[in-house]
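Everything below concerns the one structure shown next.
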Amino acid sequence: MSANQDGVDLLEVRGLTKTFGTLTACDHIDLNVAKGEIHALLGENGAGKSTLVKMLFGTLEPNSGEVFWNGQAVTISNPGFAKKLGIGMVFQHFSLFEALTAAENIALSLDDGSPISTIAAKARALSYSYGLPLDPQSLVGDLSVGERQRIEIIRCLLQTPQLIILDEPTSVLTPQEADKLFETLERLRSEGKSILYISHRLEEVKRICDRATVLRHGKVVGHCNPRKETAASLARMMVGNDVQAVVRAPVQGIETAQPLLEIRALSRRPATPFSIPLRNINLTVRAGEVIGIAGVAGNGQGEFFESVSGEVPQQDPASVRIRGKDAGGLSITGRRLMGAAFVPEERLGHGAAPRMKLSENLLLSRHATDGKVFVGAGGMVKSDATYAAAQRIIKAMDVRKSALDPEAAALSGGNLQKFIVGRELDRRPSVMVVNQPTWGVDAGAAAHIRQTLIELARSGSAVLVISQDLDELFEISDAIAVMHNGELSKPLPIAEATFEKIGMLMGGAEPGHAEHALETS
Amino acid sequence: MDITVNILLTIATAATPLLIAAIGELVVERSGVLNLGVEGMMIMGAVGGFGAGYLTGSPWIGLLAAIALGAVFSLLFAVMTLSLATNQVATGLSLTLLGLGLSGMMGTSFVGQPGARLPNLDIPGLTAIPVIGRLLFGQDPIFYISIALTAAVMWFLFKTRTGLTLRSIGDSHTSAHALGIQVIRYRYLAVIFGGACAGLAGGHLSLVYTPQWVENMTAGRGWIALALVVFASWRPWRVLAGAYIFGAVWIGQLHAQAFGIPVPSQLLSSLPYLATIVVLVLISRNKRLTMMNTPASLGQPFVPDR
């Protein structure tokens, strides 16, 4: 079924294998991409998708296996050779240079030596012809994530590739921007180009892809036509078993519940020239509810989390209030002592110290709040107590690990995230603030984390979740606010929220205008 | 009038070695490598330049030897930090210590010997023009090299494709690698260029400034060059300005001390450092421009995953 008219696939991969130490990231992968098709590479985080495409683009060297290009065996030893063959790549974590202009960034990946002004003119013309307008003179550091992706795509198209690899392209886009991208991809397909589309989002794969190859734990577990599958059947192939659906009981009388976390006129100047200022943010999270904050990455969510958690204290003590008391001037520990708990976005480095054991990481975050439990006479650490508490959390959150009390860095991303969330939940915090709770976490563990956050709220705590994953926010939130360019919209009750409305706000529709649009819609 | 010309000439002589060493280090840092061994490479250039000039009797051979020794010495740093991915700060510091010790040992027999001096430019008819003649056409050859070098580096970094590639590596070596740019090769060439410049700057000290060999004769100039690069926010013309401000205040305070101005000499001696920092901090107030010019991957070892 994979052959096209002349019987030769554009790309054929046979038994490609890559190991890192004892981990087999890709295990005898077979893959065929025909001319003029959009081929999905589907799999959870850590299934080996990124490793596979890095080998196809020449940035990683396979241990074994063969690659055929138009039927010819090739060894792709570096990205330059991949480009020469006609393979273009749009990276998940962009490979752009912030301090350079868009045109300079594009020039760096073209080896034809033509002057920057020529390249800028070509890039501008191409970008308009594909409906992805681009100003070649703008500095990448000033651009939004969506605009940066345009540069990557235009840069890729200027090399006139036969095969374009896109690694999780929509994870940084608003729904409207994603629609625009799909139009571009369909146009490229109609021009006879092939696209290898990497994603874990089932709906979009069903929508635009002709065929799919599903990976799980580094192995190919199936090929299918995604249009003939359901989201549930695709998920089952990806995960290996059924994913528990998250249950969100309705919440009643929230208007009268006690406000536990209040943010009043929070502003912050940009810390670096490329960072986002916070502008007059107001938000109330009451006992019993989960509030979600949506937004395209890089619109001030990181700065907002730092300000709420106390990583960066505020000038005005009243700008952050926890359980009715001013907390704006306090440090993280001060805010924890008032009953708040925080889970930052970066697991290694912020959420946990990589080279320390789980029990030690537990002590690091809780020595102040639970000093009596974990620290004994003369400041001596009660290792029995920290060990027991760590084991309790490991059991409660079903953390899978290789040793009894391993180093944080030895855990997979998802398991470490479960431990970090569990460490905070274990205190029964009355205010819980989480940034990207399930980023890079497999579907089963993500569902578990989401369910525990809802249950914490329903037991009388206030939960604030910042996430780029709209599906996740719609699953767990009672109301969703949108952050755009350092401003926060009013929370929209979940019953009124739709992808379209949230997407409009994410794209920067004026809050007033958007509210008006909501009233009329 | 003559006094003014003389003072201007001494300022140029004091600024030239700083400028050359700093311009070399600027290229190194623009590629994302922090080489703290400038002082060590400079003193190796000084001893090598003096030695070769003294033994052959030709200051020109001395000049080439200074450049070569600086470059070879920087190659040691390049192998350690780029091929073996050692810590750049520690390796750079040990390079300085090694250079100071090694040059002292190599130079024991040169102490007190008269050295060869590079002759000043003398163009019949032009050099004799009053005032501007000596300033424009009567200085030592390395002065002209230093000015040409600054202009060339400026052109290279901001007008050529290779310069753009070098800057991109300094901004993000992982992105550069993902595009298929040979990160390590570029950095090797940048480090060796920086070493050659430091060697040349050292050669200026022992072949022009004071044509003799004195142990530890660089006297911290390598460190000043390093500081100039940072305070000039990695921009060549600011390095030039910084080097000349330093040279001017340095010469000025020497004259002030000679006049017997009732200010403690220690305070006067610290003036060049203070003045240079103040001026360069003032001209780099624009945070945004500074950010754009700061090599974001500076000092981070690059190990491509394979």
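Placed from the backbone N, Cα and C atoms, the Cβ positions cover glycine too.
All TrEMBL annotations are machine predictions without curation.
Summarising the annotation, TrEMBL assigns transmembrane segment to B:6-28, B:33-54, B:60-82, B:89-111, B:141-158, B:188-210, B:216-234, B:241-261, B:267-283.
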Verify whether three or more Cβ pairs under 8 angstroms connect the transmembrane segment (B:241-261) with the transmembrane segment (B:89-111), leaving out any pair fewer than 6 apart in sequence.
no
Sort out the residues at least 6 away from either end of the transmembrane segment (B:267-283), same chain, that have Cβ-Cβ distances under 8 Å to it, and list them.
224, 227-228, 231-233, 238, 241-242, 245-247, 249-250, 252-253, 256-257, 261
Report, as numbers and ranges, which residues of the same chain sit near the transmembrane segment (B:188-210): CB under 8 Å and 6 or more residues beyond its ends.
13-14, 16-18, 20-21, 23-25, 27-28, 30-31, 33, 35, 38, 41-50, 53, 59, 62-63, 65-75, 77-78, 81-82, 115-118, 140, 142, 145, 149, 166, 217-218, 221-222, 225
Chain residues in Cβ proximity to the transmembrane segment (B:216-234) (below 8 Å; excluding those fewer than six residues from its ends, i.e. six or more beyond):
17-18, 21-22, 25-26, 29-30, 36-43, 46, 96, 100, 104, 198, 201-202, 205-206, 210, 241-243, 246, 273, 276-277, 280-281, 284, 289-290, 293-295
Which range out of B:6-28, B:60-82, B:141-158 gives the transmembrane segment (B:241-261) the most CB pairs under 8 Å?
B:6-28
Same-chain residues at least 6 beyond the ends of the transmembrane segment (B:60-82) whose Cβ lies under 8 Å from its Cβ atoms
33, 35, 37, 40-42, 44-54, 88, 91-92, 95, 99, 115-116, 118, 142, 184, 187-188, 191-192, 194-203, 206-207, 301-302
